[in-house]
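Notes follow the structure.
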Amino acid sequence: MTIAIGQNQERGVFDLVDDWLKRDRFVFVGWSGLLLFPTAYLAVGGWFTGTTFVTSWYTHGLASSYLEGCNFLTAAVSTPANSMGHSLILLWGPEAQGDFTRWCQIGGLWTFVALHGAFGLIGFCLRQFEIARLVGIRPYNAIAFSGPISIFVSVFLLYPLGQASWFFAPSFGVAAIFRFLLFLQGFHNWTLNPFHMMGVAGILGGALLCAIHGATVENTLFEDGDAANTFRAFTPTQSEETYSMVTANRFWSQIFGVAFSNKRWLHFFMLFVPVTGLWTSAIGIVGLALNLRAYDFVSQELRAAEDPEFETFYTKNILLNEGIRAWMAAQDQPHENFVFPEEVLPRGNAL
């Protein structure tokens, strides 16, 4: 008989907090929740506050709130004025000096929402890592979520950091994002950027893979049953697979001549395509922040300038980009007092 004599170790504060954070509850908190919940709450709350009450008159010369007559598609939390540079515009900083109304007027809510939103997304990614570790599964969900994080950080933070000020970032609103897309096209020819092309291929390719995969699984479900839909035929305790990979493989082998024969490779490919698209788009946006150019077909531009009868879709788009720049520069930066005489506005062969 062995008798073990020991002393109970006192549990430290860290262990007590760790137990409380990881307690089984309806909404898991965890250590990641200490970052996620406050930042996400403040970002969403700041956005609702801005779109409801705060004007963009002092930063953009625009109405941007429900209070001023905007609707869900036209309301926005707009970026600070160009004169603010890259200031964080803290409420207690030299710009607002603790005046909340003044802080809202000069665009403080935008930096508030952008920074808290970025940390909220990072917190959600860490939440997926934390729960995956506790449950005992691989962290591919968190790895996949790095794609949206890279897009948010590159578009809302890195791009304006490479430009003159936060003013050139997108404002947080539907129509505001559309304006930003037109800006990227006019000033950077974004649609002809190879990183944008890879991003489009990744996102649309991921959507296509998702649709094909869902349809194929529905087509090859076991035990359909007599119900109007196939969902009730599934039971969590059934011993066999939900669908037939062999049948799906045979179907697509007949369609294309090739098919995925391995579920792991199939699902990794479905993960890889859209996430790679998001990352390549983010890399492209960082390139735009540094004013890297897209494809230039100068020979076509020179020939179009010399020959009135020669024009391509590329040269037409270049002229449209010039029109966007001429219009947006004066509209977006009224403090610069840009004046464009009629003779310098773009007039192409077909415009």
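Quick reminder: no glycine exception, Cβ is built from N, Cα and C everywhere.
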(message) If you look at how Swiss-Prot annotates this chain, which of 21-37, 123-139, 242-258 comes out as transmembrane segment?
(response) 123-139
(message) If I take the alpha carbons of His213 (plastoquinone binding site) and Asn141 (pheophytin a binding site), what is the distance between them in whole Å?
(response) 18
(message) Within its own chain, what residues at least 6 apart in sequence put their Cβ under 8 Å from the Cβ of Phe260 (plastoquinone binding site), listed in sequence order?
(response) Asn249, Trp252, Leu266, Phe269
(message) Just to be sure I understand: of His116, His196, His267, which binding-site residues have a C-alpha no more than 10 angstroms from the C-alpha of Asn141 (pheophytin a binding site)?
(response) none
(request) Report the listed stretch (39-59, 151-164, 206-226, 277-293) having the maximum count of Cβ pairs within less than 8 Å of the transmembrane segment (123-139). (result) 39-59
(message) Is it the case that the transmembrane segment (277-293) and the transmembrane segment (151-164) touch, counting contact as three or more CB pairs under 8 Å in which the residues of each pair are 6 or more positions apart?
(response) yes
(request) Out of His116, Gln128, His196, point to the one nearest His267 (Fe cation binding site) in space (Cα versus Cα); all of them are binding-site residues in the record. (result) Gln128
